[in-house]
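K.L.:
For reference, the structure I am asking about is given below.
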Amino acid sequence: MAARASELPVPASDRIEYGPADDLVEDETDEDRPETLREAVLREVKAFFAAIDDETAFAPAPSEAFIEDKFFDFAFLDGVEAVEHYWVNKPFAFVSILYDHEKREHRYHVSEPRLDPFEDFVREDLTKILRNSLLYRDLDADGDREDVFDEEAREIISEHAATVEEGSLWKLFYFLLRDFIHFGRIDPVMRDPGIEDISCDGDDVPVYVFHSVYRDVPTNVVFDDGDLSSFTIRLAQRAGKQVTVSDPLVDASLPDGSRVQLTLGSDIATRGSNFTIRKFSDVPLSPVDLVRWNTFSVEQMAYFWLAIENNRSLIFAGGTGSGKTTSMNAVSFFVPGHAKVVSIEDTREITLPHDNWIQSVTRDTFTADGRGEVSMYALLQAALRQRPEYLLVGEIRTEERVALTFFHSIATGHTAYTTFHADSSEGVVHRMRNEPLGVPAQMLSDLDIISVQKQIHLDGDRTRRNIAVTEIAGVDDDGEVELRDVFKRNPENDAHERVGDSVVLDEIAAERGWTKADLKYELDIRADVLRYIAASGVDDYLTVSAMIRRFERDREGLLAHVYAETSLVSVDDEADEHDDDAADEADAPADEHDDDEIEVSPETERLLADLFDIELDDDADGDETPDSAEAEAAPEPAPAAESDDADAGADDAEADSAVVADAVEFDDVAEAGPAPADDASDADETDETDETDETDDSESVTDDDDREADDAR
């Protein structure tokens with residue numbers, strides 16, 4: 001099929017920064033001056049059209065003169081500084097971040113092809129013809145709307161705009177596609193991966209966006225009265241809902257999963273119709289992402305990992321936009337891979353890397369008398385009959401039945417998570433116990449953990465931080481719920497500090513028969529795995545999930561790989577701390593990792609790609625220690641010169657990410673297990689028959705691991 005004009009990438013690499021606005025003025029005598037925004041944009045547009053095939057494309061490519069003179073209008077650059085620009089729909093729409101020095105504020109400017117009066121007239125004419133044509137098309141509900149539009153638009157343009165020059169045809173097709181298939185004026189904003197919220201507050205008011213870097217900034221997108229009301233109705237229709245004067249409020253989900261709240265008319269909104277869109281990403285954040293951004297510390301994530309593995313329930317509390325659902329989704333990566341999970345939401349936000357997962361969403365009524373409605377309470381009751389091991393409820397608001405059923409599910413043995421609006425752990429307890437929820441203290445004590453998050457101001461910017469992790473320790477003699485802080489954020493250094501003992505961890509240790517040293521060991525190895533993934537630059541949530549699944553199935557193999565390839569303290573060094581025979585080994589030679597910090601050094605990061613090729617020899621002779629086998633399998637890398645560090649950085653980061661993605665396949669290392677801390681004489685005393693048995697079984701273990709690794713990927 002011929003290439004569509006709509007098949008446009010959104011490359012992050014197209015982001016370019018600029019100096020002051022004065023530097024954007026062309027100065028042909030200065031050969032060393034930086035490329036201006038105008039030059040950069042037009043160069044990329046020309047490159048795009050130069051690469052298309054005129055025989056299969058929608059229309060012949062426009063001339064360079066047309067691109068120079070008639071494609072974009074750059075008058076918006078007057079009097080402002082262009083901080084950066086990036087494409088969101090190349091080569092038809094790009095975003096410029098501008099800074100107004102007079103007003104001392106940033107602006108978000110959307111640039112689309114400009115239409116002259118003749119092109120604008122042709123666009124209106126084609127819009128009417130295309131609308132009438134599509135009304136009589138027999139559209140398959142499951143078919144590709146864009147394919148139907150593409151076919152119909154090509155035919156109509158060739159028939160009714162045959163004399164229009166090539167460049168104008170490309171611009172007209174873009175606007176028709178934008179308005180009929182996508183999101184109209186806000187389509188470039190919807191395509192911007194850096195935008196979290198889009199807010200239109202009324203007629204003739206700039207649309208505001210919440211940018212991940214520049215926060216709340218105004219845009220150049222403005223709706224007048226008639227356009228805004230019709231656009232609001234259209235958004236509701238795209239979400240499968242109806243908004244009318246008699247029913248002017250709608251909460252819904254758009255086809256891409258974004259949440260939208262719509263208000264129609266000026267009866268209840270004095271500035272006119274309005275809408276707010278909270279964008280949804282199909283790519284969820286992983287626990288490692290939250291550690292990298294310091295939303296949580298690695299120790300907190302290890303704590304959640306162990307708690308979730310051992311079926312402890314928790315609530316994520318905070319204000320609007322504090323990241324409650326994001327954090328709940330991230331820690332759900334620690335749910336065992338084959339456990340049955342049921343999620344219940346008003347609007348779809350949760351995305352899990354699990355197969356054994358039922359995703360339920362509420363449904364509004366179809367009729368005025370309420371028939372056809374499926375409430376969260378109904379879904380929650382149904383979920384309890386589905387025998388879930390883990391239950392995720394999107395949010396508890398004000399419905400008493402939902403709150404009581406949620407806590408009833410915990411009391412009956414289900415592990416449950418939810419989010420809740422409160423600014424402290426005490427606030428959670430207070431709101432839960434009082435009207436309209438009215439959860440009894442004894443039932444509330446079945447909850448284990450409360451995690452509180454906030455948006456805070458840090459170095460002039462707003463960011464999300466966990467401010468406290470609190471445990472519910474029971475009910476006192478006065479019937480009050482006892483709370484115990486385990487972690488709190490220190491605002492002086494923006495660090496998450498351990499401030500108290502954990503009742504939850506003590507209970508887990510008692511259930512598992514662990515000593516305090518055993519418990520510390522279990523927390524430390526999970527923290528080390530998370531550090532290892534974070535240091536290696538992995539940002540693919542599926543790879544992070546695969547590593548966590550590998551920890552479940554083959555802990556020894558994964559840890560051997562982690563400790564062999566990094567400067568983290570080895571597994572056996574930690575194990576020696578709680579080994580009953582540790583006293584007998586007091587005179588044994590120290591392990592080679594004993595003096596290392598529990599961090600991944602920069603040099604180790606640079607060498608990870610080389611070290612990942614290590615293979616341990618399972619058939620080593622009895623007089624050869626595992627350490628010597630490791631030395632044979634992995635030749636010592638040549639020392640890296642300091643002058644090479646900067647040049648190697650970018651290549652190493654890419655290699656590290658690719659290498660860790662392959663870590664789920666290190667079967668040779670996995671079979672060998674972690675390198676013991678004992679000296680060579682201890683290795684000589686190993687039973688040779690045990691080594692033979694392990695070798696005999698290695699082939700079947702390797703086959704099983706290969707299949708499991710493939711499934712995880």
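Cβ atoms are placed via backbone N, Cα and C, with glycine included.
Values in this document were obtained by computation on a predicted structure and should not be read as measured data.
Taken from TrEMBL, the feature region 'Disordered' applies to 1-33, 570-600, 617-713. Summarising the annotation, TrEMBL assigns compositional bias 'Acidic residues' to 23-33, 571-600, 617-630, 642-655, 679-713. Marked as domain 'PilB3-like N-terminal' by TrEMBL: 68-113. The domain 'Bacterial type II secretion system protein E' annotation in TrEMBL covers 241-457. The domain 'PilB3-like C-terminal' annotation in TrEMBL covers 500-575. Per TrEMBL, the feature compositional bias 'Low complexity' maps to 631-641.
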K.L.:
Which whole number is the mean pLDDT over the domain 'PilB3-like C-terminal' (500-575)?
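P.N.:
Mean per-residue confidence for the domain 'PilB3-like C-terminal' (500-575): 87 out of 100.
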K.L.:
By DSSP, what is the split of the domain 'PilB3-like C-terminal' (500-575) into helix, strand and coil residues?
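P.N.:
Counting residues by DSSP class gives 59 helix, 0 strand, 17 coil.
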K.L.:
Taking helix as H, G and I and strand as E and B in DSSP, count the residues of the domain 'PilB3-like N-terminal' (68-113) in helix, strand and coil.
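P.N.:
Across the domain 'PilB3-like N-terminal' (68-113), DSSP assigns the residues as follows: 6 helix, 24 strand, 16 coil.
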